[in-house]
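Below is one structure, written out as structure tokens; comments come after it.
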Amino acid sequence: MENMLYIIIEGGLKSLIVIIGLLIGVAFATLLERKVMAAMQKRRGPNVVGFVGLLQPLADGLKLVLKETIIPIVADKLIYAIAPILTFTISIVLWSVIAVGVQSVFASINSGVIFILAISSIGVYGIILAGWASNSKYAFLGGLRSAAQMVSYEVALGLIILSIITYAGTVNLQEIMENQEKVWFIIPLLPGFLLAFISALTETNRPPFDLPEAEAELVSGYNVEYSSTGFALFFLGEYANIILMSVLLSVFFLGGIVSNKILGAMKGVGMLCSFIWVRATLPRYRYDQLMYLGWKSLLPFALLIYIGVISMVLIIK
């Protein structure tokens with residue numbers, strides 16, 4: 001009985017640490033994005049709330065939460081309420097297997113990579129439910145686009161991750177990092193890194209692949225009918241996934257935190273800055289161009305890379 005109580009308390013504290021850490025990370029990721037984009041566009045960015053604008057995310061979050069929650073009359077109220085909670089919950093669950101040290105992880109799972117692939121594949125359900133429950137044509141089209149986009153690019157991303165698993169000989173995230181003590185995987189698998197980066201942009205609905213929430217076409221897309229806490233949960237889920245993808249790319253190709261925690265954090269921030277750089281640089285793709293790129297360009301190249309990695313491993317052995 002005491003052991004069970006200890007496990008429950010330990011699990012609750014770990015979950016609380018993950019949630020608080022994630023909220024702080026998302027807050028500063030949004031501030032970093034606004035500062036970097038301001039610098040690229042030769043302007044100041046937020047600099048009024050707090051020292052050099054450091055408290056701006058807190059002010060924005062409080063303003064958003066304190067606003068009135070407006071539920072459309074024609075919406076399916078239960079599913080409308082569940083959708084943002086589901087999206088945010090999935091983004092938190094994904095973080096449970098991310099190591100914060102070589103021997104320090106909240107949920108040590110031997111097949112951590114498979115766990116991430118499985119959970120991330122159901123992340124689209126929150127967006128689809130939001131689009132359907134809002135009973136709005138713009139939200140519904142945004143949900144459909146998101147479903148098609150994630151299915152199209154998860155195949156290519158899955159093949160690249162299979163290539164990493166094959167090359168490393170393990171599906172454990174910590175062991176993948178340990179295998180990069182001498183040589184980072186980005187050196188032998190540079191084409192795979194480029195494809196994984198493009199797929200990560202698409203999976204997180206980031207520009208130039210932000211078709212599900214294209215303002216010019218869908219008036220913010222799947223979350224057009226959401227306000228206050230619902231909108232905030234979608235926002236938190238989206239940025240939590242962006243940070244997760246930045247960390248995963250660092251773990252898979254740059255060695256993660258295997259040598260130094262500070263260096264590992266810098267790698268993750270560097271990947272996050274590359275997401276921001278792409279947003280500030282490239283225009284949005286058309287929907288047909290997005291589908292063409294996914295099925296006729298990325299998928300064949302990902303398959304070739306996977307075959308090449310298998311051949312390389314067989315030759316080495």
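Placed from the backbone N, Cα and C atoms, the Cβ positions cover glycine too.
Keep in mind that what you see is a predicted model, and the values were worked out from it rather than measured.
Noted in Swiss-Prot for the protein shown:
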type	residues	note
TRANSMEM	7-27	transmembrane segment
TRANSMEM	46-66	transmembrane segment
TRANSMEM	78-98	transmembrane segment
TRANSMEM	113-133	transmembrane segment
TRANSMEM	151-171	transmembrane segment
TRANSMEM	183-203	transmembrane segment
TRANSMEM	239-259	transmembrane segment
TRANSMEM	262-282	transmembrane segment
TRANSMEM	296-316	transmembrane segment
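Counting Cβ pairs under 8 Å that are 6 or more residues apart, the transmembrane segment (183-203) and the transmembrane segment (78-98) reach fewer than 3 and are not in contact.
Contact between the transmembrane segment (7-27) and the transmembrane segment (296-316) does not hold: fewer than three of their C-beta pairs are under 8 Å, each pair 6 or more apart in sequence. The list of residues near the transmembrane segment (78-98) in space but at least 6 beyond its ends in sequence, with Cβ under 8 angstroms from a Cβ of it, reads 15, 18-19, 22, 71-72, 105-109, 112, 115-116, 119-120, 122-123, 125-127, 129-130, 132-134, 173, 223, 225-226, 229-231, 233-234, 236-237, 240-241, 244, 247-248, 251.
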